[in-house]
Amino acid sequence: MATISNHPQSEEEPKNHEFDDEEEEEEEEEENEDEELEGWDDWEAEDEAGEEGDEEEGSDSNLLCLFCDSRYGSCDALFDHCIASHHFHFRGVRTKLGLDFYGGFKLINYVRSQVAERRCWICGVTCESSQGLQNHKHETFSIEDIKPLWDDDRYLKPFMEDDSLLYTFGDDEEGEGEDDYSASIDKDELMRDLKKYEEICIDDENTGDTIVYNADNSDKNGRKGVASASNGHLDEAGSSEKASKDKHLRGSFPTLLSKDIKNVNENYFGAYSSYGIHREMISDKVRTDAYRQAILKNPSLLNNAVVMDVGCGTGILSLFAAQAGASRVIAVEASEKMAAVATQIAMDNGLWQSKSQNEGNKHSSRVIEVVQGMVEELDKSSQIQPHSVDVLLSEWMGYCLLYESMLSSVLFARDRWLKPGGAILPDTATIFVAGFGKGGTSVPFWENVYGFNMSCIGKELVGDAAKIPIVDIVDNHDIVTNSTVLQTFDLATMNHDDVDFTASAELEPYSGGSTGMSNDLECQTRSCYGVVLWFETGFTSRFCKEMPVVLSTSPYTPKTHWSQTILTFREPIAMASGKPSGDRLAAIGTEACPAMKIQLRVSIARAVEHRSIDISLETVGIGSDGRKCKWPVQIFNLH
């Protein structure tokens, strides 16, 4: 390589010795510069060779195909294979939908998750085997309609550990006009942040109490649409919200999520500053009377006991505990406003205990001390000895039992403050499931509106309901199957991870009553439009020896403010009791071939969005001849 001299001279040109020293220094600098440039060339050549070697070395083990076991050394080769063999045009989908890096990241994780379940990422059909999925391939259609399927923050969590494709699929974009942020992405830093993001999602149960209830969410009929959901297909609701959220995700994940959790907690506890919410809960006679009886009718448990009330609100349960003879009641409330209100109520009723009084007369009726803060942070704000509480008391239940994630705070308090063998009230919780008929939908109303048929509206509303979990009252006459236990929790022994679960249940046509059934005694048929979930909590004889109590939110008992949680099928499933002679050529679950049973597989887990839950519903119909029909999974988000 030629070097550039600042003072060119020919050999014949006489030299001026005055500049000899300067020339020698310049020559040395030129030689050093020449060596540096040559070294740079050598380094570049070695780097290129190394990259080629890496590609060759990784061609057998680096980038795994999204659909099969083939591996490739470059994204180009992998995506070309996906187009030719699996009709999946990754870059085409990204271009058509304008997906940024995070959109592509979600898409890869979504496709891998669907393939792992032997499910077509386009149409949602579940195949019997992996080979069946390989054979089930077709061109992508209505790509805009299925975008919401992966536009979910859960797919920011890598589905496959050490998925090299997530590191590299965006490399070919650099320098091709992407925005400033995309051009400056540090992939290693991104993956580290995503791992932290995953850990936060898993461990966020240690961040507090709960209920994201807004009195304005209810319409005049009391029906609460509390969530948007991707149900395996279309869900336009909330897409703009998620698009906005994606922009914020471009920051630091740990910082973002800590702020998000803090904001959710502030909004949540702020919502509980509304007196209307507390009036609704206290006015719920089923709820309040159950706690009152469990506390007041079991004197051997509460008399002279140290009680902790987690999430005390107005302090009603703490007042009951003081009335029952507790020697000390620690009322924990995260809302600053409600903690002040609870303190004032305790003072007005002569039950408030100041810190100075705490060391005084142990027989005083002033036993309630209100601690403002989250139960996970009591060590910072109150001097309470670990494992010093005799009775842990909390009304922690949310819609579908687990919405709001407050159970995690109760379990934290149990592990930190409750004495060995101490009591927790309630000590059991059970989720039930049953199928509901047309009467549990809005269809009957629209079938006859002042003598006019408006059923087209009802059908559309049922379709919309298949995307959103509904919190509403279901009349017990609209239950069309048996009721069965889905999951049971023992709060005295359960682990924190038990909050997330998958359970199976089997539903058969309900033989009682006649609503919605034909007059054919041999084969009575009805349509099941979906499933309804409710819960019961038990104050069992394990701790409440004098008077055990059950608090139920069942459709068969007086209604509560929790109502029931309704998950609607995409289409009703015809069911029959007796022994029908169904058409063997007809699909299971139709009028021509009704199902004898419906098998359910339900998963409930804490969602990425703090204090929300995800519910997945898998449904299989079984005919009288043993044939099965499996419908695409539905995924609901309760938030």
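Cβ atoms are placed via backbone N, Cα and C, with glycine included.
What you see is a predicted model, and the numbers here were worked out from it, not measured in a lab.
The annotation compositional bias 'Basic and acidic residues' is assigned in TrEMBL to 9-18. Sequence annotations record features per position, and here TrEMBL assigns compositional bias 'Acidic residues' to 19-59. The feature domain 'ZN622/Rei1/Reh1 zinc finger C2H2-type' is assigned by TrEMBL to 65-137. The domain 'Methyltransferase type 11' annotation in TrEMBL covers 309-424. The domain 'Protein arginine N-methyltransferase' annotation in TrEMBL covers 427-578. As annotated by TrEMBL, region 'Disordered' applies to 1-59, 212-247.
Over the domain 'Methyltransferase type 11' (309-424) the predicted model carries a mean pLDDT of 88.
When DSSP labels each residue, the domain 'Methyltransferase type 11' (309-424) comes out as 43 helix, 29 strand, 44 coil, counted as helix, strand and coil in that order. Taken residue by residue, the domain 'ZN622/Rei1/Reh1 zinc finger C2H2-type' (65-137) breaks down under DSSP into 42 helix, 4 strand, 27 coil.
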